[in-house]
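What Swiss-Prot says about this one:
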BINDING   Ala217, Pro218, Gly219, Gly220, Asp236, Asp256, Asp272  S-adenosyl-L-methionine binding site
ACT_SITE  Lys301  active site, proton acceptor
Amino acid sequence: MELVALCRTGFEKELAAELVDVTATHGVHGYPKARDGQGYVQFVVDDGAELLRCINAVVFDELVFVRDWFVSAGAISGLPADDRVSPLQNQFKAAFSGHIQEVADLLFLNVDSNEGKALSKLTRGVGSHLKRQLPLAKGSDWLGVLLLLSGSEGFIGVCPRRQRPRWAGGVARLKFPREAPSRATLKLEEAWHHFIPASEWDTRLAPSMKAVDLGAAPGGWTWQLVARSMFVDAVDNGPMAPTLMEGGQVTHRQVDGFAYHPPKPVDWLVCDIADKPARVADMIASWAENSWFREAVFNLKLPMKQRYKEVLRCREQIELRLLAAGRDYRLRFKQLYHDREEVTGHLELR
């Protein structure tokens, strides 16, 4: 049996390392099969029942590099063009009939690549026919998953309904606001969607809150804060978009982001400074030790090598300082869809 996990193309090694660690924490051991640039990793495990237990126990929102995932019996090759459904249906029955009686629905996934996107129409077509052949029950805790790699190869599998990303495949469906000064604005919006439940936006992202944006220019992240009717100190030596400055909600502080300290604690700190991740993590920890914010969203620009280990080091760096300070907190990281060679962190002080 295999755990198939999708990721950003180029981060297969990081995903493989994360899967090894996460499954081992839950007493499941196996080995990853990963190839650079394919956009997914197969984690092979001997005991299928244990793997199903594991995917049901791991908290999906705590994973960093996993965009989406499911359990499968392995890729099926040689799917005939005149009947792709039967081999997929047969493997589903053989692999899961002893563990899962029904699924609530069948999801259609594609690898986030040009080749994967080109298969989306075929996946929907095959999936619509396959769905009618599967044992469906709306009350089931499991979902079926179909992922085609080509016209003749693909996966059929299952995943728990409650261990899912907000968007299928982890591909955030957000519309770029024309008024925003840069496309980086979508990173902060996606971060809020990922880290903050929709039911809590009105209280945790409330009008008249005070915020600081470090590395603000030209104002992509500041725009999101202003759109939530917050008052923002935009900290950057570079110029801000003039339209952002017209409404009176933004104060431009032309100083270095690492040197700035707020005169009073604020509700939100956001930071998209391009610097060494350890330096950014150190700054976030300092702000947290001083209780200068309630919540923070920040980006860590990752090095070319040992990127997974760098995330772990930065997490430990922040956590050790918070534990020493006796602070109650929640810290999470995620490589969002709109992230590139980076991950986004969220720190909530309690």
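Cβ from N, Cα, C; glycine included.
Mapped onto this structure are the features recorded in Swiss-Prot.
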residue: Ala217; record: S-adenosyl-L-methionine binding site; Cβ within 10 Å: 19
residue: Pro218; record: S-adenosyl-L-methionine binding site; Cβ within 10 Å: 18
residue: Gly219; record: S-adenosyl-L-methionine binding site; Cβ within 10 Å: 29
residue: Gly220; record: S-adenosyl-L-methionine binding site; Cβ within 10 Å: 23
residue: Asp236; record: S-adenosyl-L-methionine binding site; Cβ within 10 Å: 22
residue: Asp256; record: S-adenosyl-L-methionine binding site; Cβ within 10 Å: 13
residue: Asp272; record: S-adenosyl-L-methionine binding site; Cβ within 10 Å: 22
residue: Lys301; record: active site, proton acceptor; Cβ within 10 Å: 17
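Classification of Asp272 (S-adenosyl-L-methionine binding site) by DSSP places it in coil, neither helical nor stranded.
Cα spacing between Asp256 (S-adenosyl-L-methionine binding site) and Lys301 (active site, proton acceptor): 18 Å, rounded to the nearest whole number. In this record, S-adenosyl-L-methionine is bound by Ala217, Pro218, Gly219, Gly220, Asp236, Asp256, Asp272; the longest C-alpha to C-alpha distance in that set is 18 Å. Ala217 (S-adenosyl-L-methionine binding site) sits 17 Å from the residue listed as 'active site, proton acceptor', taking the Cα positions as reference. Comparing the residue listed as 'active site, proton acceptor' with Asp236 (S-adenosyl-L-methionine binding site), their Cα atoms are 18 Å apart once rounded.
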